[in-house]
Every structure is written in structure tokens, then in C-alpha cells.
Amino acid sequence: MAETKIHAYYDDDDVLMHAVKKVKAAKHHIEEVYCPFPVHGLDRAMGLAPTRIAITSFMYGCLGLTIAIVMMNYIMIQDWPMNIGGKPSFSYIENMPAFVPIMFEMTVFFAAHLMVITFYLRSKLWPFKEAENPDVRTTDDHFVMEVEVHNNEDELKELLLETGAVELNIIKKRH
Amino acid sequence: MASHYEAPIRKPLVLGDKGYHDVSVDIAAPVEGKANKHWWIVFSISLAALLWGIGAIVYTISTGIGTWGLNKTVNWAWDITNFVWWVGIGHAGTLISAVLLLFRQKWRMAINRSAEAMTIFSVIQAGLFPIIHMGRPWLAYWVVPIPNQFGSLWVNFNSPLLWDVFAISTYLSVSLVFWWTGLLPDFGMIRDRAVKPFQKKIYSLVSFGWTGRAKDWQRFEEVSLVLAGLATPLVLSVHTIVSFDFATSVIPGWHTTIFPPYFVAGAIFSGFAMVQTLLIIMRKVCNLEAYITVQHIELMNIVIMITGSIVGCAYITELFIAWYSGVEYEQYAFLNRATGPYWWAYLLMMSCNVVSPQIMWFKKIRTSIMVSFIISIVVNVGMWFERFVIIVSSLHRDYLPSSWTMFSPTFVDIGIFIGTIGFFFVLFLLYARTFPVIAQAEVKSILKSSGERYKSLRAAGKPMYKIRKDGVVRETIMDSEGTLSNTDK
């Protein structure tokens with residue numbers, strides 16, 4: 001980790017977007033941006049990779065559907081193939097319409113919950129987790145861009161002030 | 001964003017000269033303030049109703065279902081009426097947060113949080129009835145297919161009542177995580193504003209350490225979108241499955257293929273009416289008139305009007321098909337509804353559900369807060385009677401005239417229903433004092449496109465932002481333990 005980093009504070013999402021583009025154009029690496037609300041297009045401007053969380057959800061849904069089919073096939077067709085109200089219990093497909101509601105619900109259940117759990121784990125969110133935003137204003141109305149300094153402090157400072165930062169916080173590490 | 005083109009025809013969704021910080025202040029105010037006398041009065045009444053309901057439930061379970069007004073013919077009445085009613089009310093919350101998100105409706109931002117809270121709290125009420133209407137509720141866990149020492153003895157997956165178990169528990173749990181995930185940034189906002197240590201601790205706990213990184217927001221939005229995509233078919237399926245309780249039976253008046261969409265439409269209808277009732281009061285007492293505007297009320301009224309018309313269409317379809325079917329049992333079921341001993345319930349249902357929403361065609365009426373409030377209550381009364389009419393009037397007279405009978409509720413039936421209303425309001429009142437009742441992060445994200453301040457800037461041709469060149473510079477020294485200390489400001 002670099003010895004010094006700069007937190008540049010912005011008070012407007014449009015100014016932030018312009019700043020991100022300028023800082024990227026000047027070939028500086030943006031370590032992190034903290035926002036009080038989702039700024040559309042920010043991830044693309046920063047060059048973040050798209051999230052794959054929707055793909056995980058699809059796979060979890062497939063898992064839920066499989067579990068539902070295997071469970072009901074075992075219980076209703078294999079283990080106790082009983083005659084309940086004249087419903088055919090000879091094969092899964094014959095009584096399939098009655099299994100559709102639960103097949104559907106379990107697909108949704110698995111897709112939704114496992115995706116949310118994945119999100120919480122990947123974004124490191126859980127009860128008793130300490131918040132790591134650098135300033136309390138980043139959940140209110142300020143945006144903070146974190147840039148690392150590599151022997152170019154003055155140049156970077158000037159660039160960030162030029163982009164409309166309302167406040168710069170230069171964080172130096174003391175040994 | 002400023003670059004965003006917004007048609008000038010669109011009216012502002014956030015009124016007044018509001019910036020980002022004003023949104024935080026306004027939404028945090030009810031949480032940071034103290035409850036007033038009126039809150040305590042309403043809370044006490046709700047708590048009293050809840051306690052009365054608990055008494056009625058304890059009495060039912062310890063004495064038996066015979067304390068209710070059910071008989072051998074009418075063996076479902078207030079219990080399942082209330083169950084379907086509460087489930088239906090819950091549906092609007094998901095509709096507002098999920099369907100309107102898929103359709104990119106910005107006006108949902110101010111109402112989705114409370115609508116989702118209403119969903120959670122009313123599904124909890126609904127969830128009570130399947131348990132307490134059991135003769136032996138202590139064996140309720142037998143509905144779950146868990147391996148056991150009876151062989152294993154399983155459940156029968158053909159029954160809509162078991163589908164209900166899966167549907168309601170999936171619906172409640174998915175709605176809960178959807179709601180909670182959306183709450184994280186807002187809890188984070190309150191956590192960062194809190195000055196009292198205890199409050200800070202609590203909101204740190206419930207905000208799960210939300211930090212608002214760009215990557216977090218990217219995932220957050222994707223998760224919200226996928227959950228909305230999952231919740232939309234879920235909400236349709238849940239009330240469909242509830243309607244299967246009746247539609248898959250052989251009872252004339254119940255055995256209908258129109259029930260699934262018709263119940264769903266009714267659920268949206270009654271749910272939006274409940275949202276309307278709650279929000280008209282909330283915007284007033286929490287001073288949120290700038291966020292929940294007359295335009296929001298009007299749009300909800302339009303949804304009520306549309307779904308009310310769908311419900312009306314379904315009533316007429318049922319009547320037509322009954323006549324057209326040539327089945328005398330079916331024909332009698334509807335003749336009995338209109339002219340039998342429960343004609344008054346049918347008339348009430350028809351007038352509340354079919355006639356009352358039609359007056360929303362008049363702009364003067366649908367933009368009137370007072371009329372909207374009254375209609376929203378009328379609709380929920382009507383929708384309660386819809387379920388009552390469907391259930392009781394189809395059961396009390398069916399195939400065998402020798403088993404024709406009547407139904408009247410006892411004070412225990414009524415007491416449990418009052419108890420659930422009390423429980424609902426206890427939860428909702430606690431919510432209104434401790435939760436950010438408007439999704440502030442979402443409102444902030446539409447402020448520039450739909451806020452009055454920015455709309456007037458745009459109309460005046462003025463820039464929406466200014467790049468300032470006078471930023472201040474300060475230095476912070478971080479020691480080896482990671483503690484920060486400011487050197488200058």
C-alpha cells in the first residue's frame with residue numbers, strides 16, 4: 001500500500017462523474033469511490049468489471065428446481081406411491097401439474113436467498129461488521145474519491161482541485 | 001443526472017427546494033425525534049387490540065375451534081377470509097417495489113419502503129391464520145417434509161394448502177430480504193448521523209457495515225433488479241396459489257379458472273388501497289408532504305381504479321359463465337349470492353369494489369386527499385366482503401339441500417381479526433418511529449431528474465452543477481495503528 005493517499009470530496013454526482021473521467025484520463029488509478037446513493041454509469045467510468053451476481057442467481061434457481069423435482073419425485077412417486085383422491089402416482093410426469101406450484105416456489109426461493117447471501121458475503125456485509133466509509137458525510141451528501149499517491153502529490157492535488165473537489169484530505173502514514 | 005433528458009410534461013416528484021442533504025434531514029427526522037402524544041395514544045389502542053387478539057387466540061387453541069362460529073357445512077369462514085385479505089393487502093408492497101421497478105417508475109421511490117413494510121407486517125398477520133385455524137396447531141410442523149420416525153411419513157404435495165405453506169413462507173422470506181437489503185444504505189445514513197451511542201450501535205448493527213463503495217452500489221442495483229424480477233412472478237404465484245385453495249375444489253362458486261388472475265387483481269386493488277390509507281396519514285404526521293405528493297396519491301388512485309375495473313370485469317365474467325354454463329348448481333350459487341340470505345354482503349362487495357373506484361375517473365376526485373382516504377378504506381371493506389362472500393356463500397348452500405345452513409361469527413372470530421389489525425398497527429407504528437420510511441438513497445438518485453429545484457434550473461436553462469475551484473486542503477497523519485489525527489483544517 002502506498003505511503004500517501006488522497007481523499008477527494010465532491011458534493012455533486014455530476015461533478016464526481018466528470019472528475020472520475022478526468023482522473024482516469026490522466027492515468028491515475030482510482031482506488032475507491034464512496035457514494036451516498038447509486039450514481040449511474042460510475043462503475044463504467046471507473047472501469048469496474050460488470051457484476052456476475054445475476055448469473056449466480058440463475059444457477060441457484062436451477063438448483064432449487066432440481067431439489068424440488070427430486071424431493072417430490074422421491075416422496076410422491078418412489079417412496080409412498082399412494083392413491084390420494086385418484087391422482088395418478090405412477091410416474092412424475094403424470095402428476096406433474098400438481099407439483100408445478102412447489103417447483104416454482106422453490107426455484108424462486110433458492111434463486112433469491114442464495115443470491116442475497118452471495119451479495120452479502122462478496123460485499124462483506126453482515127451484522128456487527130464495522131462500516132469502512134472514510135467520512136460520515138459519504139452516506140449523506142458527499143462523494144469521496146480515493147486516489148493513491150506515488151511521488152506525484154502536488155500534481156495530483158492540482159488535478160483534483162481542478163476537477164471541482166470541495167475538500168482534499170491527504171492521508172500520510174507515519175511509521 | 002443533468003445529462004438526462006426529462007420531458008417537460010413530467011411533474012416534479014420531490015417538491016420544494018430540496019438538495020441531497022435536505023432529503024437526509026427530512027427522512028431521519030422521525031427516527032431522531034421523540035414520539036408525540038398522538039403516537040402513544042394510537043400505539044396503546046393498537047396494543048390493546050393485539051392483547052385482546054392474543055386472548056382470543058389462546059382461548060381458541062386451549063378450548064377448541066368450536067369457540068368459533070364455524071359449523072359442519074361452513075368450515076371455513078372468518079379465518080380464511082382474514083387470511084386471504086391480509087395476504088392480498090401484502091401484495092401491493094411487492095407490486096410497488098418490484099413491478100414498478102421493472103417498469104422504471106420513479107414515483108415508486110417515495111412509497112416503496114412503506115409499502116414493503118406493509119407487506120411484511122400483513123403477511124405476518126396472514127401467516128397466523130393457517131396455524132390458528134388448525135384443530136391441532138401444535139402438530140403444525142407436520143406440514144413440513146422432514147424425515148421422521150414414522151417410516152418416514154411425508155406430506156402430500158397435491159394439496160393447495162401445502163402449496164400455501166411453500167408460497168407464503170417463500171413470499172415472506174424473500175420480501176424480508178428484499179426490504180432489508182434496500183434498507184442497508186438508509187440505515188447506514190442514520191448510523192452516520194447518530195449522536196447517541198446506543199442509537200449508533202443499533203444502526204451499525206442493522207446496517208451490516210454498509211460503506212457505499214462503487215462496487216457495492218453496482219452489486220446492490222443488480223441484486224435489486226434480480227430480486228424485483230423474481231418477486232414479480234412470486235407475487236403473482238403466491239396469490240394464485242392462495243386462489244387455488246378454492247379454485248381446485250369441486251364447490252360451485254369456487255371451481256373457476258378465473259380465480260388466479262382475479263384474486264391477484266383483487267390483491268393489488270386492496271393492497272394499493274391499504275398503502276393509500278397508511279401513506280395519507282404518514283405524509284402528514286411525518287412531514288413528508290414534499291416526497292409523498294398529491295401526484296403519488298393520484299397515481300395510486302389510478303392503479304386502484306384500473307385494478308378495481310379488472311375485479312369488476314371478473315365479477316361480470318363469473319356471472320356470465322354461471323349463466324352460460326347451464327350448470328344449475330353454478331347458477332344457483334350466483335343466484336344465492338345476489339338474492340340469498342347474504343345478499344347484503346354481496347351488495348356491499350359489489351358497491352365497494354365495482355362502483356366506488358369508478359369515481360376515480362374524475363380528476364377532481366382522484367386528486368382529493370380526503371376522498372382518496374375514504375375510498376381507500378371503502379375498498380378494503382369491500383375486499384374483505386369479497387373473500388367472505390366467495391367463501392361463505394359458496395359453502396353454506398351447495399349440492400345437498402339437507403346440509404344447507406347459515407354462518408354467524410362469534411366474538412372469538414371477531415376478536416382474532418381485531419387482534420391482527422392491532423398487531424399490524426403495532427408493527428407499523430414501531431416501524432414508522434425507527435426505520436427510514438422513505439428510501440432516501442433512491443430518492444436522492446432521482447432528485448436531479450425529478451426534484452422541483454433541479455427541474456426549475458433545467459427549465460430556466462441554468463446549469464445543474466458548478467465545478468468549484470476553491471476546494472480546501474487538509475492533511476491527516478495515520479499512525480501505525482491506523483488511527484487518524486488531523487493536523488490542520
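One is the number of the first residue shown, and numbering goes on along the chain from there.
Even glycines carry a Cβ here, placed using N, Cα and C.
Here TrEMBL flags B:39-63 (among others) as transmembrane segment.
Summarising the annotation, TrEMBL assigns transmembrane segment to B:83-103 (among others).
Remote same-chain partners of the transmembrane segment (B:115-135), defined as residues 6 or more beyond its termini with a Cβ less than 8 Å from a stretch Cβ, comprise 57, 60-61, 64-65, 76, 79-80, 82-87, 89-97, 161, 164-165, 168, 171-172, 175-176, 178-179, 182, 271, 274-275, 278, 416, 420-421, 423-424, 427-428, 431, 435, 437. Per TrEMBL, the feature transmembrane segment maps to B:115-135 (among others).
Sequence-distant contacts of the transmembrane segment (B:161-183), counting only residues of its own chain at least 6 positions beyond either end whose CB sits under 8 Å from a CB of the stretch, comprise 87, 90, 93-94, 97-98, 112-113, 116-117, 119-120, 123-124, 126-127, 130, 143-144, 155, 206-207, 220, 223-224, 227-228, 230-231, 234-235, 237-238, 241-242, 244-245, 435-436, 439, 442. Summarising the annotation, TrEMBL assigns transmembrane segment to B:161-183 (among others).
What TrEMBL records for B:223-242 (among others) is transmembrane segment.
Sequence-distant contacts of the transmembrane segment (B:262-281), counting only residues of its own chain at least 6 positions beyond either end whose CB sits under 8 Å from a CB of the stretch, comprise 84-85, 87-93, 95-96, 111, 114-115, 118-119, 122, 235-236, 239-240, 242-243, 292, 296-297, 300-301, 303-304, 307-308, 310-311, 314, 317-318, 353, 357, 369, 372-373, 375-377, 379-380, 383, 386, 428. Positions annotated as transmembrane segment by TrEMBL: B:262-281 (among others).
The transmembrane segment feature in TrEMBL is assigned to B:302-323 (among others).
The transmembrane segment annotation in TrEMBL covers B:343-362 (among others).
According to TrEMBL, the transmembrane segment annotation covers B:369-391 (among others). Same-chain residues lying 6 or more positions outside the transmembrane segment (B:369-391) and placing a CB less than 8 Å from one of its CB atoms are 76-78, 80-82, 84-85, 88-89, 246, 253-254, 266, 269-270, 273-274, 276-277, 280, 294, 297, 300-301, 304, 308, 311, 337, 342, 345-346, 348-349, 351-353, 356-357, 359-360.
Annotation source TrEMBL lists transmembrane segment at B:411-432 (among others).
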Non-local residues, at least 6 beyond the ends, that sit with Cβ under 8 Å of the transmembrane segment (B:302-323): 256, 258, 261-262, 265-266, 268-269, 272-273, 276, 330-331, 333-334, 350, 353-354, 356-358, 360-361, 366, 375-376, 379, 386
